[in-house]
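Here Swiss-Prot flags HIS280 as active site, proton acceptor, drawing on sequence analysis. Feature annotation from Swiss-Prot assigns S-adenosyl-L-methionine binding site to GLY219, ASP242, MET263, LYS276.
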Amino acid sequence: MASYTSTSGQFAVGKVAAANQDDETCMHALKLLGGLAVPFTIKAVIELGIMDLLLAADRAMTAEALTAALLCPAPAPAAAAAMVDRMLRFLASHGVVRCATESEELGSDDGKSCRRYAAAPVCKWFARGGGVESVVPMGFWMTSTTNMETWHNIKDGVLAGETPFDKAYGMPVFEYLGANGTMNTLFNEAMASHSMIITKRLLEVFRGFENYSVLVDVGGGNGTTMQMIRSQYENISGINYDLPHVIAQASPIEGVEHVAGNMFDNIPRGDAIILKWILHNWGDKECVKILKNCYTALPVNGTVIILEYILPETPEETLASQLAFDFDLGMMLFFGASGKERTEKELLELAREAGFSGDYTATYIFANVWAHEFTK
């Protein structure tokens, strides 16, 4: 007859008294290869409306209560609740939500338990709704089928010496977005949500906007960044500059002129120019061309403000380092060997080559993004 052992009255699963190195590295390997489970489970919880319920709740909720509160009730509530419970306990193991088990709290030893869930601090970034700071649009872009297909083409891209995205779709990413309205909207929403988060902190810590009369946002998307800056600095006349298919989706903004064009041809004149998440799309030669066009568009003592991640010289096992290298790999997916995040030294060299010989300052903004100011 089979026998079972338990620890402290609970059936122990996966506990190892003295894990050896092989045990640890094998579990690590399996966890790394199963990494897709986290973003896609978070996405499902957001789409179901469960994340919004957790954020709005004033107390922890069971999976049954959460399932019953869904806007689109499930036809098989018991099965749905069981699935939701498994999803949430998985997310709890990754620190995404908090979980408490009633039997443990009440000292019960009858083997029955009821889990209740609450939002963890990170959940605030998964909120939805107009005007809220959220990484949800970025997450939906990252988990889109377009992105997933691109990941499947990394190996072939390396072997063929091609950009993985181009290998998957037969055209560069911006050409694809220009021809695909749905994905273009998804991408623009992702960029706008990121701009909202970073620009809010930029306005809190960055000094100098009061000195500008005309500010140009190159690759400014729908104008979110410029709109937020003008809300505090009405002295500025803003120019939101981007490709025609992007500007076509931009709504009118008071004090901001939407201008369609190509930054490789020319850049509108201004006292200062912002480049947010632009240079990491391009190789060094293209970046110097963009910066030279910025130099031409600026007056003496004019400033270009570059908002980018900064790569550490040596990879580190820190959240900031991992995030920077995550995005560096993303640039490789969409732009091949050319697109990349850079070290501070590499950015400085590009600016100097483009002619910026004046003052240089770097200011930490938020979420591993830095503002690099180069003066003409």
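Think of each number as a place in line: the chain as shown, counted from 1.
Even glycines carry a Cβ here, placed using N, Cα and C.
Report note: the S-adenosyl-L-methionine site is defined by GLY219, ASP242, MET263, LYS276, and the residues of the same chain whose CB lies within 8 Å of the CB centroid of those residues, excluding them, are ASP217, VAL218, GLY220, GLY221, TYR241, LEU275, ILE278.
Less than 8 angstroms from the CB of ASP242 (S-adenosyl-L-methionine binding site) sit VAL218, GLY219, GLY220, GLY221, ALA250, HIS258, ALA260, each of them six or more residues away in the same chain. For LYS276 (S-adenosyl-L-methionine binding site), the same-chain residues lying six or more positions away in sequence with a CB closer than 8 A to its CB are SER195, ILE198, ASP217, GLY219, GLY220, THR225, LEU307, GLU308. For the pair MET263 (S-adenosyl-L-methionine binding site) and the residue listed as 'active site, proton acceptor', the C-alpha distance works out to 14 angstrom. The residue listed as 'active site, proton acceptor' falls within a helical segment according to DSSP.
Between the farthest pair of Cα atoms in the S-adenosyl-L-methionine binding residues (GLY219, ASP242, MET263, LYS276), the distance is 13 Å.
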